[in-house]
Amino acid sequence: MDFSKLPKILDEDKESTFGYVHGVSGPVVTACDMAGAAMYELVRVGHSELVGEIIRLEGDMATIQVYEETSGVSVGDPVLRTGKPLSVELGPGIMGAIFDGIQRPLSDISSQTQSIYIPRGVNVSALSRDIKWDFTPCKNLRVGSHITGGDIYGIVSENSLIKHKIMLPPRNRGTVTYIAPPGNYDTSDVVLELEFEGVKEKFTMVQVWPVRQVRPVTEKLPANHPLLTGQRVLDALFPCVQGGTTAIPGAFGCGKTVISQSLSKYSNSDVIIYVGCGERGNEMSEVLRDFPELTMEVDGKVESIMKRTALVANTSNMPVAAREASIYTGITLSEYFRDMGYHVSMMADSTSRWAEALREISGRLAEMPADSGYPAYLGARLASFYERAGRVKCLGNPEREGSVSIVGAVSPPGGDFSDPVTSATLGIVQVFWGLDKKLAQRKHFPSVNWLISYSKYMRALDEYYDKHFTEFVPLRTKAKEILQEEEDLAEIVQLVGKASLAETDKITLEVAKLIKDDFLQQNGYTPYDKFCPFYKTVGMLSNMIAFYDMARRAVETTAQSDNKITWSIIREHMGDILYKLSSMKFKDPLKDGEAKIKSDYAQLLEDMQNAFRSLED
């Protein structure tokens, strides 16, 4: 929001409007003489005018969580009420920007103050008022038209990837008395004027929305389109949908951040909101360094990924209270782009730090602690955040659909999934990508454990797969069966060794090894494997399962005859085929293209069939 427009303590004439600081405990300040204040109202605390939010009211005492460092605040300092809730500014200029937890633009603050830290009580507007945007009004809108909340009345080309649709705020309606002609305007210029019941109201390209309030929609729709991540293990075995909720719990060093970053780089979303909530500052600087260099191809043109990304950075050394706000800021920005009809992905890295901030503030308020010291309302807060995801029919005209998908990373201490934050999250989300420390230690990345992870969207996506990839669903079932069987056989192998297994079991073990090492494992730092399109995923899986079926059939049909085929014979004769199977992943989708990869995989299938025929003869 525009902090420069909030009232200042020096401008206030009457001292009776002030409250006064009564006590300070870290980020929590108590103030007296605050009768008439509202819950979640923004206040300015002390002579440095720190931004704070009221989180508890008792008589004329208010408890305030302050979003800045409170050293130097003393008892008796004035507290000024602003009469507004914590809100964000929504308008052109969000994409490619980096904000802190309460939507202060970090690059603007850095250029204005020449400091590497955010000074206290800094006043800047979230969206720059100096940049001119090229505004084009909608063709069918003229003076005298009636418009209502959510209607799109103009378009601004924010950059070559995002067409920013300018919408009427949800609660307004009326008859158009003025609409700006096409031209360049900044975000403080009036572009629309409405009249409703004799009252005229002017609108700029920016709307302000309270972060704790859900933006209204016409209706929620069932989600039925996959969120493709480019990671084979996730797309094939545990798919998520556009508008779904996902949790990625894992201990330190398991690759949570790499998965959430590759989601933001390569997923099929239109807009990415990346919230770094209480994680290391280096990770956010890595995102800032990598993303501008990363490109994607749109309609034959190469574009920077940063053009569709907004970052909310709230690293672990920033004030604790702002961590809680950063999650709400991120989800409100996501909902705004969803209302334009875009598919938005929001990455929250990590929700555990957010829960720890809740725990710290709850402890300072002397509330009753529940499990592990977290507050009793932890589950409710998590649910109210995750439930803002979904695929919806947007408010207003023209009719459009949008979605918000939330991917929350959870870092349980010591990788223990029975931790309260993880268990509360798993009760809410529909997809669980559990990361395994043992796999990470074996350098098997992405370290998603295929035995404990699950997705509840399988049924919802069956229709999509039947339409576009008919053979995929049985392949996935078969692959999961092979991996499960391999897990059961692993114990027997440890006891009696491989040699004493049945031939079919040996095949299961070898194919499971092939699937694990050459299908599920993926090197995110190579050009050919950093992103795997879905046709390549299906092609690879179908050849591996075809090999498994043919090998089993060859062994089973010749089991009774004299020249029976065993696994060792297959391996001897088919060294070349096995090598080709394990090197399917080296096909580069950008260099080779879809048609060549598909024909190569079809050729490999033909070679396999011929090899098994000659073996049986």
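Glycine residues also receive a Cβ, built from the backbone N, Cα and C atoms like all the rest.
Database features, via Swiss-Prot:
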type: MOD_RES; residues: Thr136; note: phosphothreonine
type: BINDING; residues: Gly250, Ala251, Phe252, Gly253, Cys254, Gly255, Lys256, Thr257; note: ATP binding site
type: MOD_RES; residues: Ser384; note: phosphoserine
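Everything Swiss-Prot records as a feature, shown here on the structure.
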| residue | record | CB count, 10 Å |
| --- | --- | --- |
| Thr136 | phosphothreonine | 15 |
| Gly250 | ATP binding site | 30 |
| Ala251 | ATP binding site | 18 |
| Phe252 | ATP binding site | 11 |
| Gly253 | ATP binding site | 12 |
| Cys254 | ATP binding site | 27 |
| Gly255 | ATP binding site | 20 |
| Lys256 | ATP binding site | 25 |
| Thr257 | ATP binding site | 22 |
| Ser384 | phosphoserine | 15 |
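Apart from Gly250, Ala251, Phe252, Gly253, Cys254, Gly255, Lys256, Thr257, the residues listed for ATP, the same chain places the Cβ atoms of Ser411, Leu435, Ala440, Ser447 within 8 Å of the centroid of those Cβ atoms. Annotated pair Cys254 (ATP binding site) and Thr136 (phosphothreonine), C-alpha to C-alpha distance, rounded: 47 Å. Note: the CA-CA distance between Phe252 (ATP binding site) and Ser384 (phosphoserine) rounds to 27 Å. Looking at Thr257 (ATP binding site) and the residue listed as 'phosphoserine', their Cα atoms lie 24 Å from each other. Here the residue listed as 'phosphoserine' is positioned 25 angstrom away from Ala251 (ATP binding site), judged by their C-alpha atoms.
Secondary structure from DSSP puts the residue listed as 'phosphoserine' in a helix.
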